[in-house]
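Here's the structure we're looking at; comments come further down.
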Amino acid sequence: MAPAGILNGKLVSAQIRDRLKNQVTRMQEQVPGFTPGLAILQVGDRDDSNLYINVKLKAAEEIGIKATHIKLPRTSTESEVLKYVISLNEDASVHGFIVQLPLDSENSINTEAVINAIAPEKDVDGLTSVSAGKLARGDLNDCFIPCTPKGCLELIKEAGVQIAGRHAVVVGRSKIVGAPMHDLLLWNNATVTTCHSKTANLDKEVNKGDILVVATGQPEMVKGEWIKPGAVVIDCGINYVPDDTKPNGRKVVGDVAYDEAKERASFITPVPGGVGPMTVAMLMQSTVESAQRFLQKFKPGKWTIQYNKLNLKTPVPSDIAISRSCKPKLIGNLAREIGLLTEEVELYGETKAKVLLSALDRLKHQPDGKYVVVTGITPTPLGEGKSTTTIGLVQALGAHLRQNVFACVRQPSQGPTFGIKGGAAGGGYSQVIPMEEFNLHLTGDIHAITAANNLVAAAIDARIFHELTQTDKALFNRLVPSVNGIRKFSDIQIRRLRRLGIEKTDPTTLTDDEINRFARLDIDPETITWQRVLDTNDRFLRKITIGQSPTEKGHTRTAQFDISVASEIMAVLALTSSLEDMRERLGRMVVASSKKGEPISCEDLGVSGALTVLMKDAIKPNLMQTLEGTPVFVHAGPFANIAHGNSSIIADRIALKLVGPEGFVVTEAGFGADIGMEKFFNIKCRYSGLQPHVVVLVATVRALKMHGGGPTVTAGLPLPKAYTEEDLDLVEKGFSNLRKQIENARMFGVPVVVAVNVFKTDTDAELDLVSRLSREHGAFDAVKCTHWAEGGQGALALAQAVQRASQAPSSFQLLYDLKLSIEDKIRIIAQRIYGADDIELLPEAQNKAEIYTKQGFGNLPICMAKTHLSLSHNPEQKGVPTGFVLPIRDIRASVGAGFLYPLVGTMSTMPGLPTRPCFYDIDLDPETEQVNGLF
């Protein structure tokens with residue numbers, strides 16, 4: 001018989017490594033920035049372990065796998081090792097890891113406990129009980145196989161032997177080689193016999209094997225004469241035996257007597273150079289397979305989401321009754337369904353979570369989805385249902401059209417919740433749930449804004465007080481205190497010195513003039529624009545006197561409280577793009593001017609770093625869900641008059657990455673299109689760089705009747721008869737407002753879909769008239785929507801229209817160039833969006849325009865603070881007013897947020913409580929902890 005063919009593990013493993021290298025390259029081409037990750041956890045410092053690990057690290061580097069070696073000292077305890085295992089389980093950059101055995105610790109460590117703590121999806125060594133169980137059951141495509149048996153199988157296949165139907169004999173039953181080898185051969189359809197130290201007539205059993213795998217750890221235990229002629233022999237042994245002819249006095253042999261066996265076998269593995277190289281190659285292959293599974297599971301845009309089925313009732317129950325009738329999914333499950341990693345999500349109970357900005361960094365190379373903004377016509381005081389339409393639309397796109405879709409909405413203030421309006425989370429069968437969580441504390445973002453805002457306010461008045469009561473030297477010495485005889489500037493103080501043009505870092509070298517310039521902000525109290533805030537409607541805080549305590553030595557001034565969401569910090573949160581950007585914006589916020597007319601910022605006050613600390617969690621978007629189980633980001637809620645009235649850029653950007661290129665992100669702009677949409681485009685999109693694909697313009701028959709000359713609509717009172725009976729003439733006259741808002745949206749080059757929000761008193765003739773006129777005057781489409789009563793099903797036609805519109809040509813453009821003068825930018829908005837003949841800058845506004853231009857703020861975008869109840873400055877003028885000049889009473893600056901806001905009329909920034917606030921109905925069931933009466 002001819003000598004056996006040699007199964008060269010070095011050659012086969014080299015071929016496998018080349019194949020893996022190509023696979024890694026292709027993965028990185030498909031997902032830029034992605035690299036398969038392998039970690040090796042070692043306890044102790046055994047020489048043999050160090051050798052094996054170095055071989056693995058080198059192989060990983062050659063293939064393109066990022067390998068990390070974590071080496072723990074011999075003093076490590078079991079709990080310390082387990083902490084590292086858990087950490088690696090949660091590290092998304094590690095797709096597989098192994099615990100190098102044996103564990104070389106001076107403490108007792110349960111190896112089984114450590115191995116079984118490895119997440120099965122990362123168990124690339126295939127040693128956990130879960131992996132072993134799946135292999136034993138034949139779930140070969142859903143588990144990792146121990147590397148040595150896996151390599152042995154590759155070598156058997158390399159021999160060209162058909163495994164199915166052959167008799168295979170495995171000598172050895174270890175958990176690492178023998179037992180899994182038996183299972184692997186069995187599920188490749190061999191008839192398998194496992195032999196071990198207690199097997200009788202071992203030689204005769206071995207002689208039955210067409211395929212023989214030996215893993216006993218006994219040098220040359222299996223003799224050549226035992227082997228069936230023509231068998232394939234796989235020798236897994238590595239043994240050292242004495243050999244005087246070798247320089248080190250020993251040689252390596254396997255578990256099979258090689259020289260004898262090769263005369264009877266058809267193929268045989270040498271030792272070394274057979275199974276050994278294959279073990280390392282299989283570890284690399286399993287790591288690449290794990291990375292591929294990770295990409296498949298977390299591929300952007302590939303969601304495995306389950307939707308909730310609504311149980312619709314007629315008549316439609318109350319919002320809170322509907323909210324409680326639907327059990328929300330666990331928020332952690334929803335996060336996984338939409339492709340978020342465990343370490344990217346911070347759970348706040350079972351129904352809300354924060355999403356870390358690291359998700360955006362992970363997905364930064366992925367294409368964005370389609371971007372949709374929901375706006376409305378000039379509304380009645382009752383509102384026309386933009387929020388409800390937003391939620392109904394995403395439920396239709398997701399639960400009914402099976403599109404990946406995210407809603408991004410503003411977080412409501414608690415003020416209205418306990419005041420007159422009540423909560424806000426959509427309505428009917430189109431809601432964000434749980435409503436109680438949505439409308440109360442949520443995750444504390446508004447509380448963080450309140451704390452940060454009031455820290456600035458406290459810093460302003462304290463600084464004025466201390467400057468008025470101390471000499472330059474005393475003030476400087478307290479600002480730069482001596483610690484152990486040494487004075488040292490803080491980082492923020494060094495930045496102030498740089499802005500002052502003082503290039504010094506040693507406090508002792510400043511001249512008297514430099515000390516004066518550094519220490520004194522010299523704030524002019526009459527110019528302070530920063531107010532304290534509270535998230536409660538409190539009319540008696542609209543104007544207050546502060547500093548009346550004797551300890552303030554008579555330094556009083558008139559001030560006020562605003563509602564928390566009116567704080568510039570809320571606008572900063574909504575417009576920021578990163579932690580670094582937020583830090584810079586918070587520092588740029590201007591709170592007053594000096595007596596020389598120079599702007600005083602939070603950076604000058606030295607408080608910007610502390611503000612960033614207070615806001616570090618608030619910057620993370622809040623994840624919730626709709627009634628039908630689609631995801632919602634609830635993040636930021638700036639005013640829509642003195643601010644831009646849109647949810648956060650960060651939430652939109654993360655959502656656009658998560659939905660994938662075929663998915664949709666639907667966000668809402670506050671008030672009518674002339675205010676919220678205009679600011680969405682000219683401020684939010686300008687800063688984010690994002691380009692919307694579709695505008696959804698919400699209209700109602702009742703609002704059109706109002707604009708057509710219908711009676712006054714008053715919140716809290718029944719609708720006049722004209723609004724509950726058919727009147728086509730009134731609707732057609734009022735269409736002028738909708739026509740103008742369609743025109744406003746198209747001015748930005750984006751397709752417009754009109755969503756006619758249906759009320760039970762609307763007639764088909766009225767609804768058809770609105771739809772027909774909308775299409776005739778430039779809308780891409782106009783559809784009737786019944787999502788309040790029917791959930792996503794009622795917005796199905798709207799969702800289909802949005803899908804079609806998103807494919808239509810668009811040429812997004814901004815309304816004005818930032819380099820224009822402040823006055824010209826205001827004029828463009830007034831004339832083109834509102835239809836004004838011109839603007840009039842009143843003296844205070846003219847003065848502010850000159851000051852801001854001089855201070856370098858003239859190139860900021862414009863955020864008009866105007867009534868939302870009319871296109872003009874007069875809330876009583878409905879339809880499309882003409883022939884008016886828009887009066888600009890004042891101009892103020894939100895420098896940190898990044899806009900100037902001209903005041904058209906008087907803006908209330910602190911609501912008051914009515915005679916009978918909502919809180920009369922609110923209570924808690926002490927047994928169930930259920931909130932009652934909130935809606």
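Using the three backbone atoms N, Cα and C, a Cβ is placed for every residue, glycine included.
For Lys56, the entry in Swiss-Prot reads active site. Residues or ranges marked as substrate binding site in Swiss-Prot: Tyr52, Ile53, Asn54, Val55, Lys56, Val99, Gln100, Leu101, Pro272, Gly273, Gly274, Val275, Gly276. Marked as NADP(+) binding site by Swiss-Prot on the basis of similarity to another entry: Gly172, Arg173, Ser174, Ser197. Per Swiss-Prot, the feature ATP binding site maps to Thr380, Pro381, Leu382, Gly383, Glu384, Gly385, Lys386, Ser387. Annotated N-acetylmethionine per Swiss-Prot: Met1, in sequence order, evidence recorded as similarity to another entry. Annotation source Swiss-Prot lists region 'Formyltetrahydrofolate synthetase domain' at 310-935.
Nearest by CA distance to Gly274 (substrate binding site), out of the recorded positions Lys56, Gly383, Glu384, is Lys56. Spread of the NADP(+) binding residues is 11 Å (greatest Cα-Cα distance among Gly172, Arg173, Ser174, Ser197). In the three-state DSSP scheme, Pro272 (substrate binding site) is classed as coil. Of all the binding-site residues in the list Ser174, Thr380, Glu384, the shortest Cα-Cα distance to Gln100 (substrate binding site) is found for Ser174. Cβ proximity to the ATP site centre (mean Cβ of Thr380, Pro381, Leu382, Gly383, Glu384, Gly385, Lys386, Ser387, cutoff 8 Å) flags the following additional same-chain residues: Gly376, Pro379, Thr700, Ala703.
Sorting the binding-site residues Ser174, Ser197, Ser387 by the number of other Cβ atoms within 10 Å puts Ser387 first. In three-state terms derived from DSSP, Gly383 (ATP binding site) belongs to neither a helical nor a strand segment and is classed as coil. When the recorded positions Lys56, Arg173, Lys386 are compared by the number of other CB atoms within 10 angstroms of each CB, Arg173 has the fewest. In this structure, the CA atom of Gly383 (ATP binding site) is 65 Å away from the CA atom of the residue listed as 'active site'. Largest Cα-to-Cα span within the substrate-binding set Tyr52, Ile53, Asn54, Val55, Lys56, Val99, Gln100, Leu101, Pro272, Gly273, Gly274, Val275, Gly276: 24 Å. The Cβ of Gly385 (ATP binding site) lies under 8 Å from the Cβ of Gly376, Gly427, Val698, Thr700, Asn757, Trp788, each of which sits 6+ residues away along the same chain. Among the binding-site residues listed here, namely Tyr52, Arg173, Ser174, Pro272, Tyr52 has its C-alpha nearest to that of Pro381 (ATP binding site).
Lys386 (ATP binding site) sits 61 Å from Asn54 (substrate binding site), taking the Cα positions as reference. Each of Val171, Gly178, Ala179, Thr194, His196, Ala215, Thr216 belongs to the same chain as Gly172, Arg173, Ser174, Ser197, is absent from that list, and has a C-beta within 8 angstroms of the C-beta centroid marking the NADP(+) site. According to DSSP, Gln100 (substrate binding site) sits in a coil region rather than a helix or strand.
Taking the C-alpha positions, the distance from Ser197 (NADP(+) binding site) to Pro272 (substrate binding site) comes to 24 Å. Neighbour counts were taken as the number of other C-beta atoms within 10 angstroms of each residue's C-beta; across the binding-site residues Gly172, Gly274, Gly383, the minimum falls on Gly383.
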